[in-house]
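*Asks:* I'd like to ask you about the structure that follows.
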C-alpha cells in the first residue's frame, strides 16, 4: 500500500509538471512529433520526402498555376495630397501540389502552413502593410489541404498602396488606382498567377462608403512584366474613383462666390470706409487661396479649382481698381465745381475792389479820356512795326500751343461718371454669370479617359458587382 501511494504521488507530480510545461508553451521538436495527427502528417511528409522549398511540379510539365481571388472589405481613405489609398481585404490563393495526395481517412485537420510550400506573393505598389501576426485579433491566416493535393491559403491584409493621380479636373476628376500582385522570386516558367473562376469570384466588394469618393468601377486584369531577372506573372485590381465635389462647394466655391458679391456691394457704398472694406475683401480671397493650396499637392499644372479661384480673385481686384477710379473722378468733379464757383464770383470781387478804392481826380479823369481818344483815332502811328518770321509755305510762323490757347483737360461730368459706374457694374455681373455657367456646365461634363496600359477595360477579365455601393 505504501509503495502504491508513493507511485501515485510520483505520477501526479509528473503529470502536474507536464501540464505546467504544456501551458508554458515549452513545446520542442520532440513534443510535436508526439502529438497524434500532426505526428502522423509529419511522418507522411518524411515518407514522401517532401521539401517545402521546392516548387510543385505541374502534371503536364508547365508552371504552377496560382488562382487568386480577393474580397475587399473596406477602402478607408483616398488621399490626393500623398497620392495613395488604404484598403482592407481578404486575399485568397489556391494551387495544386501533386506530392500531397493522400487517403482522406488519414487526416482530418489539415492546417499545416509551416510545413508546406506556398508562393512568395507581394504587392509591388504597396507602401506599407500589416501582416498576420501571432495572437492578433484583426489579422489572421489559414491554410487548408484536401486529399487531392489542393491547397487554399487565405489571409487578411491592411495595405497602403500608391496611386498616381491627375488633378487637372479637380474637383470634378476621376481617378484610377490599381493594386498589383506577383511573385517576388519565381519567374513565369515556375509560377503563373491567374484569376479565380467559378465558385470563388475573382473580385468582390463589400458595402464601401467614402466621404469624398465613390467607386464607379472595379475590375481585374493580368499582364506579364519583364525585369532584368526574367519575366514575371502579375495581376492587377483596378479601382475607378469618382470624386464627390460637395466638400469643395461648401469650403471653397460658395465662400469665394460670396466674396465676389460682397465686392460688388462695396462699390455702391458712398461712405469713406469702402476702400478699406475692399482691402479686407482682397485679404479674404487671398486667405482662401492660401488655405486651399495648403491642402493640395504641389503640382506644376493648372487645376479646375485654380481657374475658379483665380477668376474670383481677378474680379475682386478689378473691383478695387474701379473703386479707385470712381474716387478719382469724384475728386476731379469736386475740384472743377469749386473752380467754376470761384470763376463766377471773380467779376463781383473786381467790381467791389474798384468801388472801394480812392476817388479819381477831375484832371486824371480828363487825361484818361484824351488818351483813350488818341488811341482810337490815330493810335496806329504810336505802335512800332515788328517783322514776323514766315513759315515753310510763306505763311506766318505758328504760335506755340501754350500761348495761343489754354490747355485742354478731361472734364468729368456727373453723367459720365454715372454711366461708367453702371457699365462696369453690368460688365462684372454678366461676365461672372457667363463664367459660372461655362464652368459648371463644361467642367463636370468633361469625361477624360485615364490611360493606363495595366488597367485597360477592354482586357478586363472580371467586373465586380457594385450594386451594394450604389444602393447606399
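Glycine too: its Cβ is placed from the backbone N, Cα and C atoms.
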*Asks:* Ranges 193-211, 212-230, 307-325, 326-344: which does TrEMBL label transmembrane segment?
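*Replies:* Going through 193-211, 212-230, 307-325, 326-344 one by one, TrEMBL gives transmembrane segment for 307-325.
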*Asks:* Looking at the candidate ranges 422-442, 443-463, report the one that TrEMBL labels transmembrane segment.
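*Replies:* In TrEMBL, residues 422-442 carry the label transmembrane segment.
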*Asks:* Could you give me three numbers for the domain 'Neurotransmitter-gated ion-channel transmembrane' (252-332), the DSSP helix, strand and coil residue counts?
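*Replies:* For the domain 'Neurotransmitter-gated ion-channel transmembrane' (252-332), the helix, strand and coil counts are 66 helix, 0 strand, 15 coil.
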